[in-house]
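Reviewing the structure listed below.
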Amino acid sequence: MSPLVGVLALQGDVREHVAALKDSGAEALGVRRPEELGKVDGLVIPGGESTTMSNLLRVFELLDPLTERLRAGLPVYGSCAGMILLASEILDTRPDAVALGAIDMTVRRNAFGRQVDSFEGDLDFTGVDGAMHAVFIRAPWVERVGDDVEVLASAQGHPVAVRQGSALATAFHPEVTGDRRVHQLFVDMVRAG
């Protein structure tokens, strides 16, 4: 049976993640309400704008239920803004920004620069064969990881893909490249969870 993976559908590149999850053998559901969050076996937090997503988590009354599900071990994958939200500490953000603490890491928002500084490149990604083409759009990077955090890929000397237990995060956007290996890894994590 295919796992049901939610995509936080408050803002960001939701459709692209839904398509990537379906291509990876999962059923996908846009999550906008606590009752939808309660149905899923795993959750993707997409790219977008992390401070806006922080506010929308409160507006849609998802912050507390999401925090509870993450503490209970819900498998989660965050790309770009999703990586920022999953961090235990966020640098260069507003004081009211949400840090869900699903991964013991310090992340710097927009670390690679502004929109004009966005770039693409090939990465070595632990656990997948061959180079992975990565698209970085106003991307964060990781400045510190805890002892239990595995660094899966780095760019320009900084971690850009990490995993801790049932939580996975990338600074880049695999959903826009057509390469489904990150999503397949996450769907496999959900199945194993």
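Cβ from N, Cα, C; glycine included.
Note that the coordinates shown come from a computational prediction; the quantities given were computed from them, not determined experimentally.
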Exercise. May I ask you to find which of Arg108, Arg109, Arg163 Swiss-Prot records for the L-glutamine site already listed with Gly48, Glu49, Ser50, Ile137, Arg138?
Key: Arg109
Self-check item: From binding-site residues Gly48, Ser50, Arg109, the one whose Cα lies nearest His173 (active site, charge relay system)
Solution: Gly48
Quiz item: Between Glu175 (active site, charge relay system) and Cys80 (active site, nucleophile), what C-alpha distance do you get in Å?
Solution: 11
Self-check item: Entry from the recorded positions list Glu49, Glu175 having the most other CB atoms no farther than 10 A
Solution: Glu175
Quiz item: Between Cys80 (active site, nucleophile) and Gly48 (L-glutamine binding site), how far is it from one CA atom to the other, in Å?
Solution: 7
Practice problem: For the recorded L-glutamine site, enumerate neighbouring residues of the same chain (Cβ within 8 Å of the Cβ centroid of Gly48, Glu49, Ser50, Arg109, Ile137, Arg138, site residues themselves excluded), in sequence order. | Solution: Gly47, Cys80, Ala81, Ile84, Asn110, Ala139, Pro140
